[in-house]
């Protein structure tokens, strides 16, 4: 979160307090919890205890927090409330394939404290159960093929609103599939790197080793259009998360038409940022490439992708376009897709093809939107 956003948030909090409103303590990050308890005359370790109650035990009342003194619990209850996000809607895939496997993708509508809505997706398979979570309400980048970009941008999610999505989907995974989440992907609504402070805070909570829910950093993937400064910050943070870059074209003009941000972050700048990330982390990135008929699926497009991919340490993940009724894009045809893949393989590149899941309930890549797409 930028400094001006933080100051605006604090001004809002002070204004609400002056009007006698109790604020949601889950708005506060770990650092802010420490500052709060210090102001209340408590030792710093109390913040860790409070954080554990909120995010490991997922307490809903301060009275439950037995490791805190009664006086502190009463003080907190007089000024704060505990208000996690809530599940308000579910849509489940009912295709023949999903019914046969018994692993239907499910999309969840989640209501936040201010009544804003966000979507998350549970993607089960035989090997894993993946939570696809959002980092923003809407998205300011306005990629032309993406439903989220067309719904506009409302605000960043707080760290707790991000973790709440995971907690809600973990409960649904246990209930529906009798096993918990194995992977988390930041591939829902929004650009995670535009909300990096809260994304990193949420990852810190979700990977806390002795919490009731804890997942390895290596099981988390952050997807981005490729913001160089923020990519460098992730690389130097020491995080072991995976990084996926939404490339979609290795032709500068085509990429600009698909993704307006590409006018500022050119392919040369992106390659430089990826090389820096590779150098710092010694890890490859995944280049995500969505095939669109007549736009980026020609043999020449494949040749350009080969040239770009050979400039960086990467693997390539090809995905089909998931149709959106109000947009005119079409997925690449099977014959052009086959030839495209073969060109990449012949060039010695590592290629995977992502099986689309959730398209029939608008839960697949690029389809999430809590407002109509115009």
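Each Cβ is built from the backbone N, Cα and C atoms, and glycine gets one as well.
Straight from Swiss-Prot, the features:
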type	residues	note
ACT_SITE	119	active site, proton acceptor
ACT_SITE	365	active site, S-methylcysteine intermediate
BINDING	139, 143, 146	[4Fe-4S] cluster binding site
BINDING	190, 191, 223, 246, 247, 248, 322	S-adenosyl-L-methionine binding site
COMPBIAS	1-17	compositional bias 'Basic and acidic residues'
DISULFID	132-365	disulfide bond
DOMAIN	125-360	domain 'Radical SAM core'
REGION	1-22	region 'Disordered'
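On the structure: features taken from Swiss-Prot.
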residue	record	Cβ within 10 Å
119	active site, proton acceptor	24
132	disulfide bond	28
139	[4Fe-4S] cluster binding site	26
143	[4Fe-4S] cluster binding site	21
146	[4Fe-4S] cluster binding site	25
190	S-adenosyl-L-methionine binding site	29
191	S-adenosyl-L-methionine binding site	27
246	S-adenosyl-L-methionine binding site	25
247	S-adenosyl-L-methionine binding site	28
322	S-adenosyl-L-methionine binding site	22
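Around the Cβ of residue 223 (S-adenosyl-L-methionine binding site), the same chain contributes 185, 186, 187, 192, 244, 245, 246, 288, each under 8 angstroms and 6 or more positions distant in sequence.
DSSP assigns residue 223 (S-adenosyl-L-methionine binding site) to a strand segment in the three-state reduction.
Within 10 Å of the C-beta of residue 248 (S-adenosyl-L-methionine binding site) we count 24 further C-beta atoms, all protein chains included. Measuring Cα to Cα from residue 191 (S-adenosyl-L-methionine binding site), none of the recorded positions 119, 132, 143, 146 fall within 10 Å.
Of all the recorded positions in the list 119, 132, 190, 248, 322, the shortest Cα-Cα distance to residue 139 ([4Fe-4S] cluster binding site) is found for 190. Per-residue confidence over the domain 'Radical SAM core' (125-360) averages out at a pLDDT of 94. Cα spacing between residue 248 (S-adenosyl-L-methionine binding site) and residue 143 ([4Fe-4S] cluster binding site): 11 Å, rounded to the nearest whole number.
Using a 10 Å Cα-Cα cut-off from residue 119 (active site, proton acceptor), the recorded positions that qualify among 132, 143, 146, 247, 322 are 132.
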